[in-house]
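Undergrad: In case it helps, Swiss-Prot gives these features for our protein:
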MOD_RES   57  4-aspartylphosphate
DOMAIN    187-416  domain 'Sigma-54 factor interaction'
BINDING   215-222, 278-287  ATP binding site
DNA_BIND  479-498  DNA-binding region
């Protein structure tokens, strides 16, 4: 079988459409799956000896959250080491990373697999994987045809990585080094709230502004701080962490600013504080709202003048530190209550960030579940850990008051319970493995199967209604903010909401 010019032209056009948008790779994968008639396909980005899914088709949604470390996936390692098309025979002894992850085929294993490494020059930047349930599914395609597909995909991925780096570093093309490995904290999520947060992180990271990160317990505020530091000019210098809630009042000042020998009982030598350790780098103050008013005053002085005094020392030391602070409290309310200094609040919140709770992140819960499943698989030496349809349904309808941290612990506990009831190294997580409070669930199929008796207008209105509801929830029912998120005029949004029955 050979590809027609029209087929190749269509693939090339899909690769160029909407460059810079979230779905540019999804269109490629969808087109390839149709052309190659495979059961599943994935586009993966290579970074620091792991493959990160950028787009999938025909695979369970949680695959997008998984991070495939080469040492745990021999097929992917073989693709990474190869300089050409890799075909895995049906009787290959190497486990397929997507076994159990094709919806409706969870109990079956992939029988045909092709891997296409993607290169920019001599540098591996990603891979395309094609999977089928029939052993000879890809025999009709020659290696030359598959190389052509790989070349088109590699060009698109290469350009996207270059644009991404130019946008994040604000560099001129002549200064760019697009294929060097750039450390980047993994922030998993494609929901509107997380997409907006990532954009704001990218904006503020390049500056030297202090940042106040707000969010409920367990939402990942420390991860946000790491992402800001790693994307900043200070990334080559230390990121120092201090949990203010765990500081006894008697040692808090010493922890922050250090002390000299003999400053107090037990001070047997000079000791640097966190500000000195973070000099030329970043200091992350977690739970900043727990600091006493006395310490808040001393912290304010450092932010104002850039110098510190060790406990027991009259000399001042200059420090160059960027401060990132996090809190699960409403500091505006704390200021009004007299528990937090207004001047310190304004110094810290030059660029405030809000981390959305997991219950407002939609399908991100499934992506995160996939990430934690893959972590468990590696740590416990399992061949696979997958979620059943019932488990996915439960996770999507539970509110997670403990947010991402609660989800992580729930997945780890579920894996232990599932292993206790099943022999072997393959684990399928069922709803009964999760000890959540009672949740009212629709049938598992209800979330995935569309209403077939709707006409086009009814289906469109249902989609619009649900989109507006989600946007309102994420913006605390602020219609102006909702309109900005949906990129529409607020007056038009009000009219549409009335027509859809969302407003009186």
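Just so you know, glycine gets a Cβ as well, placed from its N, Cα and C.
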Undergrad: For residue 215 (ATP binding site) and residue 57 (4-aspartylphosphate), what Cα-Cα distance in Å is obtained after rounding to a whole number?
TA: 33
Undergrad: Looking only at C-alpha atoms, tell me how far residue 282 (ATP binding site) is from the residue listed as '4-aspartylphosphate', rounded to the nearest Å.
TA: 40
Undergrad: So, by DSSP, how many helix, strand and coil residues make up the DNA-binding region (479-498)?
TA: 17 helix, 0 strand, 3 coil
Undergrad: Taking only the Cα atoms, work out how far residue 285 (ATP binding site) lies from the residue listed as '4-aspartylphosphate', in Å, as a whole number.
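TA: Just about 41 Å between their Cα atoms.
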Undergrad: Under DSSP, is residue 221 (ATP binding site) part of a helix or a strand, or is it coil?
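TA: DSSP call for residue 221 (ATP binding site): helix.
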Undergrad: Do any residues at least six apart in sequence from residue 218 (ATP binding site), in the same chain, have a Cβ closer than 8 Å to its Cβ, and if so which, in order?
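TA: Spatial neighbours, sequence-distant, of residue 218 (ATP binding site): 358, 402, 403, 404, 405, 406.
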Undergrad: Need the DSSP three-state call for residue 279 (ATP binding site) to compare against my parser.
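TA: The residue in question, residue 279 (ATP binding site), is coil (DSSP, three-state).
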Undergrad: At a 10 A cut-off on CB-CB distances, which of the recorded positions 57, 215, 279, 282 has the highest count?
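TA: Most Cβ neighbours within 10 Å: 282.
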Undergrad: At the Cα level, what's the spacing in Å between the residue listed as '4-aspartylphosphate' and residue 279 (ATP binding site), rounded?
TA: 47
